[in-house]
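J.: Sharing a structure here in structure tokens format.
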């Protein structure tokens, strides 16, 4: 049975690591705030440093916040992990960085995959995540049994960086679904239609989406507890804009501006469903 090192025990990382432990893998975890890792014992072994967590690991997973965090984490991992170790970044990050880190990993005698996820906190808790993987196909096959413990829909996307490109395309679709749901509810509310009844119409017909079904009720009740932090979604949309080359992506551009406005009004620690406040409160 493979020894697993896990870095990042936040909203997503904690349940994902616990699923691996429950499946019988020996899992060691590290988090920048040690108390969060310690609270997961005895299911896993909590470590106080990256050096300690990667010691003797066959596979190192990381799911952290931002591309700079990814860079710093894996630079440290590559100083201490054993030769031949497989490194798997599950953070939504920069495709360009994914390619660069994969090159560095190869130079240091490691293998690396970019394997971001979608499905939110519920997907992590229920092990129903969609996982998209970029890198060498043989490495994908070797880690697939572990990915199946954490996710339901797992796709190999091709070369290094393609996992991240796929995730950014996915976030583009989410941007439209979130904004579309919020705008529809705002329009209905303006015309004195009950928003819950309107949401029943949306989710029961051809406009149905995961975002409408799961975040629509939260928009109506003003439940902005984060399943997915607004600040992290804004980061994702900015990555799309950075990687779009000459593509015309008006939906992403528009929704990115909306979330930037919400960020400037103090919504960073709230969930993505807080987009409804942009419309209801006419923020600018």
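Cβ coordinates are placed from backbone N, Cα and C, and glycine is handled just like the others.
Quick caveat, the model's predicted, so the values are computed rather than measured.
So TrEMBL lists the following for this protein:
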- 3-158: domain '6-phosphogluconate dehydrogenase NADP-binding' (DOMAIN)
- 161-279: domain '3-hydroxyisobutyrate dehydrogenase-like NAD-binding' (DOMAIN)
- 167: active site (ACT_SITE)
J.: Reduce the DSSP letter at residue 167 (active site) to three states and note it down.
T.: helix
J.: Residues with Cβ closer than 8 Å to the Cβ of the residue listed as 'active site', same chain and 6+ apart in sequence?
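T.: Sequence-distant Cβ neighbours: 92, 116, 117, 118, 132, 236.
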J.: Kindly state the mean pLDDT of the domain '6-phosphogluconate dehydrogenase NADP-binding' (3-158) in the predicted structure.
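T.: Average per-residue pLDDT within the domain '6-phosphogluconate dehydrogenase NADP-binding' (3-158): 98.
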J.: Across the domain '3-hydroxyisobutyrate dehydrogenase-like NAD-binding' (161-279), what are the DSSP residue counts per state (helix, strand, coil)?
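T.: Result for the domain '3-hydroxyisobutyrate dehydrogenase-like NAD-binding' (161-279), in helix, strand, coil order: 87 helix, 2 strand, 30 coil.
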